[in-house]
C-alpha cells in the first residue's frame, strides 16, 4: 500500500467525529480550528468537482501531524507539525489526528485512480488555474453584479487553494509558476480587503450596494476618513480607506476586530441620527448629528468629571476649520466606543470606563496639540502603546483580574467579605482614590490587591505608602440582616410606629381626659421619633462598620454627626416634654424637624430640588449634606409637580383609608375596651410557673393578644394597596381605551373605522394625533376618502400581510384565509373599500330576500341598505363584480351590446329610485342561484362542465365561457354563498385575540409614526444558554408516561394541526409520515408551539418583514404601490426599490442572539448548534454572538496549553459552491468579529454576563431585551416605530424615558389549570400592575423582557442588567434601579404586546417563585434599594417599598401572624389564662378572621378581575373567578404563599440564593412522591405539621368553638401538606402510587449516600445539601436560627404540666427540668442503639438483637409500672408524644445549626439518625392518605377534570391522553 502523502487529514474527521460521508469542518479541536477549518470548508466546496484536489487538500492538513510521522524526512511536514502542536497535547488533537489518518489510509488508492494528471502537483495546479479562470475572473468581470459576500467567499477559497498548491509543489521540489504567483499576490491583497461584514459592506466594490448609496452613510464615511491632519506612527503604511478609528487603533493598540465592529457601530449611529434631521448639506456629516451622539455617549463622562472635580479631557481647538473640529469630535467619540467595545467585564463599571477614557482622551488631546504646536518636539505617545493588544493586556486585564479574584470569594463567602462590581465601580467616585490609582495605573494601588508581577504592570514604579491591603467596601456593605428593611425605609416604619402610638393614645384616653391633655400625650410621639432616629443612626454605623476605613471623610462625618445629634435629641425631648409648658416642647419639635424641612418643602417645588441635588457647587453641597449623602448617583430623581401631585393623592387616599379602618373598625379602638378589662381581671388560676410574678395588669397576656394585631397593622397596607391600585389601574385603563374591542362582534362593528385608525397611527402623517384627556373621550377616526387612495391600498396590504401570517402560523384555514383577506384590486366606479368577506358574510342572501319581500318599495329597501353599510357595500360590490364578469365572459358585439343595455337600464332605475317599482325582482333568488352555479363552474374550470355553463348562461343571458381572473371570481362566489358560518371567522381563539387586540390598539394613544428613514434604529437581544432550539423528531415522538410531545400538541391545538395538514396538502397523518421532507415541517410546527428559540427568532424577525413593508409604503410611488410590495419583491424592475427597502430595514434593525455555549455545542456536534445554524440560514439578518474558548499550545513548554477567550459574532456563510442545491445540510457559519477577552467572561451571574458579551454587537439607539421563551407577532411589529418615538417625548414628565415597558401575553395559559392560574396572575402584573407602577406611582422598574432600553444611555451607565454574583440574582430589576438612580425614567405602554411563556407545572412554578423570592431577599440587602428608599420623597418611597420587597415582607408577616397567634393561644390555653378570661379572646379571633383569606383574595383576585373585566367584560371576569375557585385556585395561591415565605426568610437569614432553571418544556406529567417530598419538605410540610400540632393542642385544651380564623389555618395546613399531590397529574392513579412507593423506599434507605451520590438518589446526600446553607451562614444567622428553634420547647413546657400527675398540683420548674431528664435518657437510648447498630449490626447481629430486646423490655416494664400506679393515664401517652415530637425537632434544628461544633462521628451520626427518623415518619404519614384516596377511581377522574378543565373547554381531550397512557402500559404488561 502506498504511503499516504503529506497533509492527508481531511476526511478522517468525518469518520470519527461525525458519521457522514464527508468531513465536518466544525468539529475541529479549538487549538487547530483557525488553521484547519478553512481547509476543510474549501474541501467540502470542491469535493464533487475534483476528488483528488479534495484529497490533496487533506494532504496539507496532514502537515499538523508529527506524533505519527508517516512522512519522516519531509521537513516541511515536521516543521509545520511542530509549529502547531508537536506533542498532540491539545484537547482532542490526538484523537482528531488518528481519525484523519485512518480515513486517509482507506481512501488514498481511490483518489489516486481518480487523478487526471501525472502528479499531485500538476493535478493541484490544473485545478487552481481552472478555479481562477472560472471563478475569480468571472467575479472580476461581473463587477458590481456580484455581492460582497460572494467576493469574500471566493477570495478566501482561492487563498486556501494556493496554500495547498504551494505545499504540494514544495513536497515535489517544483517551483510554482510565475503567473500563478502573480495571481496569488493579487488574490492575497484582495482577501485582506474583502472580509466578512456584518451590516455595512465597506470594501471598495460595494459602492453600488443599496446601503452604501445612502447619502447619510456616504457623508459619515467621508467624515471619518478625513485623516489628512493626523500624524501616523513611523513605518505605518497608509491606505486610502483608513479612517480615524484606524488611527486610534495604531496609537492606542486596540484590536483589529474591535475597530471594525465599532466602525460600523459609529457609522450607523451617526447616519441614523442624521436621517432624522433636516438636511443642510446632504453629502456632509451634520454637526448637529455628531453633537447629539457625542452628548449622549459622553454625557455620563461629563457628569463624572464634574462630580469628582476633574477638568474634562474633551478639549477642542479654537479658530480651526470645521473639518478639524469635526475630526476631533469623531476622535473623542470613537475613542470611547473603542474603549467600551474592548472593556469586557469592565462594561459593568461605567465610572471605571470614565476614568480610563479620561486619561486616554487627555493623551489624545496632547498628541493632537503637540502635532499642531509651533514648538519642535517629538509628539507624545500614549502610556500604553508599545505592542499590539496593549490596551487589552495593560489596561483591561489588570482590572479584570481584580474583578475575577474578588468574584472567587463570592462562592461561599459573605457579601461583606468581597467586592462586587458596584464596589469596584464606586472606587472611581472619589478623587482621593483616583489620585492613589494614578495613570499609568500603579501596580501596588489599593484597588488591586495584587503584586505588579501578577498584574503585569510597570514594576519599576515606586510604591506609595498605601499599606499592603486593598481597599474594601467604599460606600455600602451588604450585611445579611432583616434590619436592612428598617434602614432602607426608615421613614415609612417611623410613620407607622408613630401613627400607631398616636392612635393608641387617642383611643385609650378618648373618654377619660380633655382634648388638650390628649394632644399633649400625642406629642410624645416625637420622643419616640427621636429614639427611632437614634436607632437609624446606630444601624447606619453598625451596617457600615466594615467600610469605616475606606469610606470618604465626609460620609464618616455625616454618620457620626447624625448619631450625636440623634443622641442629643433623645435626651432633650423627654426633658422638654416633662416641662409644664407645652409651648417649649413645640419649639423643641420645630427645631428638631428643621434640618428635614428644606427637602420636604422643596418637594412642592421639584425643579428647584432637582437643581440643588444635582449641583456640584460646594455651598449647595454643604446645604444638602445633612439630607443627602454625597454620592454620584441618586440625585435629581424627582418628577414633575403634576406627577408628584398624582402619586401623593394616591397615597393620601390609601393611608387615610388604612388608618381610619385600623382605628375605627379593625384594630385599635375596638380592642381598647377588652384590653382594659383584661388588665383589670385577676388571674388566680395560673397553671404554669411564673417567670415574672411581680408584673402587674396581666401585661404578658396583653402582649400575647396584641402581638398578632400589631403584625396585621403593619401588613394590611399591602391589601389596601391592592384595592386602590386596582381601582386606579382600572380607571386609567378605561381612559386609555383598553378593552374597547373585546369580541369579534365588536371588531366587525368598528372594522370600517380601522383604515382611518390605521392611517392615523401607522402611516406617517403631518397631522398630530389627539393625545391625553382629549383622546380619552374621543371616538373620532380619520376617514379614507376613496378606494383608489394610497391610504386604502396601504391598509389592505398591511391587513393581508397579517392574515397571511396567520395562515403561515396555521392559526387559520385556507377558507378562513379567503374570508379574511381584502381585495387589493379596486373598481373605478366604487367609492368604498372592498371589505373582507367575513365582514360581508350573509349580506347578499339577506339582501336578495329583502328585495323579494319589499317588491315595489324602493325607498324602504334603500333605507335598509343605508342603515347597514356592510350590506350596502356587499350589494354594490356584487353588482359591479357581476357586471365585470359578464363583460369578460361574453364575446360578440351584439351580446355585449345587449348586456350593456340591460345594465344601463338597471343603473338608470337605481339613479331614479324606481328599481323596485319598474322591475319585477321576485325572481331574484333564482337569479342568485344561477350566478352561484356559474361561479362554481368557472372556478372549477372543468371541460365536462362547459355544457352546463352554456345552459346557465342561456338562462341569464346567452353567454360563452372564458377563463378570467380567478381571485375576483372567488370573491364573487364567496359574496354570493357565504352565510352565517363566517360570523365566527376566525375560529381559532389565538387569532381572535390577536386581531381584537391589534384593532383595539389602533384606537389607543400612541405617538405618530415617522417615516422609516426618520425612525430610531434599534436592536433586539436574546440571551440563550442551552434550552431547546428546535424539537428533534426523537424528542417529539419519545413517550413520557405513554404520551409524546407531538401527540400532546395535536390534542392541545387540534384546529392548528388540521390547518397544518391542509397547508402541507396532506389529508391524513399517514400521508404526512410517508413524506420525508415534511418531517422538518413537523418539527417546526411543534417548536412554534413550545418555548423554543425557534419560536422567538421567528417572532423577532417579523420586525424585518414589517420594516421592509413600511419602507415600501414610504418609498413607492402611486403606481408601484398599486401593484403591491410582492410584485416589487418578485419583479426585476422592482428589485432596486425592494433592495432599498431591505437596506433601510437592515440599517434600522439588528437582531442578535447571545448563544453563550455555541462554540462548545458546535465542536461537540450538538444538535442545538446545527439548529441555530439553520436559523441563521433561514433568516440571513440574524446574528449569533457567543464566547469562543480557544486552546493554544505553547510549543516550547513541553506541550503546555493555555485557554484564550473571545467575544465572537457569526452569521450564515454564503453558499457559493454548493453542487447540490437540495443539500440543506451544507450550511456553514462565518465569523464576522472575534474580539479577545482578558479571561473567562462568566464570573458573575450567567445571564447578564452573556448579555454583556453580546451587547457590543448590537446597533442602534434602542435595545429590546427578549427572553428565549417569548414570541412576537407581525401586527405588533408594525407599531414598533411608533413605540420608539416615545424616547423623544417627555409625556408630561421632566425627562425623556430611558426604558419603555411593554405588556405581555402569556401564551401557555391553556396547558392546565395551574398554567391558567399562573398566567392570570402574571397577566394582571404585566398589565394593570405595571400600568399603575408607571403612572401615577412613577416606580416602574425593569422586570425582565421585553422592555426597550435607550441603548446609548445604558451602555454608558453599566448596561441593561447587573451581574454581581448572588446579590444581583434578579438581574433585570437592578437595571431599572440603576436607570432610575441615574436620572432615567421608566414608562409603560400597552398598545403593543409580546408573547411570553410561563411555567406550567407546580414544581416549575414553585421553582420560579423560589427564585423570585430569593432575588427579593437579596434586593433587601442591596445598595440600590437603600438609595432609592432614601432619595425618593416619602410617597414615592412608599410606592417603591410596596411594589418591590414590601410584597414579600408582607407575605412573610401574613404567615408570621398565624404563628404568633397560635403560639399566643397555646400559651393562654396551657397556662389557664384563657379560661379565666372567658370570651375576651373571641374579639381577637374576630379581628384576625378578616385577614385570613383577604391577603390571597385581594392581592391575587382583585387585579385579575379588574383586568379581565376591562379586556373581556366583567361577566367573563366574574365567571373566570368562580371557575378558578372551583378549580382550587385558593389552594394554589395559599401554597405559593408558603413558597414565598420560606425562601424569602431563608435568603435573609442564611443566603443560599441561586439561579433555579425551571425548564421550558411541557410539564403535564406525573412527578414522583420522593421528588415532591425533597422539594417541599422543609418549605411546606414541616411548617404545616407544626401548625397542625399547634391547632391540635389548642383544640384539646381550648374552647369548643371553632372560629373562622382557625378554620382558615386548618385550610392552610391542608393546603401546604397536600397541594403538591393534588396538582400532580395522575397523582391518584393506583399504578403511579405503587411506583412512587417503591421509589420512595429506595430513596429513603439509610446509609445509601456519600460523596458523589446525587440528592435524587440518596436521602443522606439530600439532607446534607439541604442544611448546607447553615455552614455558610453568618453568626447572627445561626443565633437567629437557634432562637427560633427554641419555640418548639414551648410544647414541652406547657404540656408537661397538663399530665395527670402534675395538673393542678405542681407548678414548679423542677417538673420541667425532670421532663428534660427523661428526654435526655431517651436520646441516650437512641444513641446507644445507633452506636450498637454501627459497631455490632454487621458482625455481631445476635448481640445487637439482645441489646434491642433488653431496652424494649426495660421500657415496657417502666411503662406498665407507671400505668399500674396511676402515675400515667392513656391520654398522657398522647400528650407526651405531642410534646416529644416538637422538642426533638427543635433539638435537631439546633444541632444542625451547630454542626461545626458537634461534628464528631458519634454525635453527628445521632443527629443524622434523628433527622432520618423524622423524614421517614413524616413522609410515610403523608403517603397514607394519598394511597387511600387512590383506591377510589372517581377521585382520579375529579383531579383530571380539575387540572385540565380549561384545556377541555378548548377541545383538549385529556381523558384520551390519560387513557392512552393506561392502554400503553397495559399493552406493555401483556407483552
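Each Cβ is built from the backbone N, Cα and C atoms, and glycine gets one as well.
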| message | So that I know how the record lays things out, could you check whether residue 521 and residue 1106 fall in the same topological domain in Swiss-Prot, i.e. on the same side of the membrane? | response | no
| Which is it, of 437-457, 458-478, 584-604, 605-625, that Swiss-Prot names as transmembrane segment? | 584-604
| Excluding the flanking five residues on each side, which residues at least 6 beyond the ends of the topological domain 'Extracellular' (1794-1815) place their CB within less than 8 Å of a CB in that stretch? | 1573, 1577, 1644, 1646, 1659-1660, 1663, 1667, 1670-1671, 1678, 1682, 1723, 1726-1727, 1730-1731, 1734, 1784-1785, 1787-1788
| Do any residues of this chain, six or more beyond the ends of the transmembrane segment (1581-1601), have a C-beta under 8 angstroms from a C-beta of it, and if so which? | 1455, 1458-1459, 1462-1463, 1465-1466, 1469-1470, 1474, 1538, 1542, 1573, 1609-1610, 1612-1617, 1688, 1691, 1694-1695, 1698, 1778, 1781-1782, 1785, 1818, 1822
| Does the transmembrane segment (1742-1762) reach the transmembrane segment (1709-1729) with at least 3 CB pairs under 8 A, where each pair is 6 or more residues apart? | yes
| query | Under DSSP, the topological domain 'Extracellular' (1538-1580) has how many residues in helix, strand and coil? | reply | 25 helix, 0 strand, 18 coil
| remark: When counting C-beta pairs under 8 angstroms to the transmembrane segment (522-542), the leading stretch of 492-512, 1602-1622, 1709-1729 is 492-512
| remark: Long-range Cβ contacts under 8 Å made by the transmembrane segment (1709-1729), restricted to residues 6 or more beyond its ends, are 689, 1692-1693, 1696-1697, 1702, 1747-1748, 1751, 1755, 1779-1780, 1783, 1787, 1802, 1806, 1809-1810
| query | How do the residues of the topological domain 'Extracellular' (1794-1815) split into helix, strand and coil according to DSSP? | reply | 19 helix, 0 strand, 3 coil
| Same-chain Cβ contacts of the topological domain 'Extracellular' (1538-1580) under 8 Å, 6 or more residues past its ends? | 414, 480-482, 1027-1028, 1040-1041, 1043, 1045, 1048-1049, 1090-1092, 1245-1247, 1268-1269, 1311-1312, 1366, 1369, 1397, 1399-1411, 1413-1418, 1420-1421, 1448-1449, 1451-1452, 1454-1455, 1612, 1615-1617, 1619-1621, 1624-1627, 1629, 1632, 1635-1637, 1639-1640, 1643-1644, 1655-1656, 1662, 1666, 1668-1670, 1672-1673, 1677, 1680-1681, 1815, 1818-1819, 1822-1823, 1826, 1844
| message | Averaging the per-residue pLDDT over the topological domain 'Extracellular' (1538-1580), what integer do you get? | response | 85
| query | Do any residues of this chain, six or more beyond the ends of the topological domain 'Cytoplasmic' (1507-1516), have a C-beta under 8 angstroms from a C-beta of it, and if so which? | reply | 729-730, 733-734, 738-739, 742, 1320, 1323-1324, 1327-1328
| message | Let's see if you can do this one: DSSP helix, strand and coil counts over the topological domain 'Extracellular' (1623-1675), in that order. | response | 28 helix, 0 strand, 25 coil
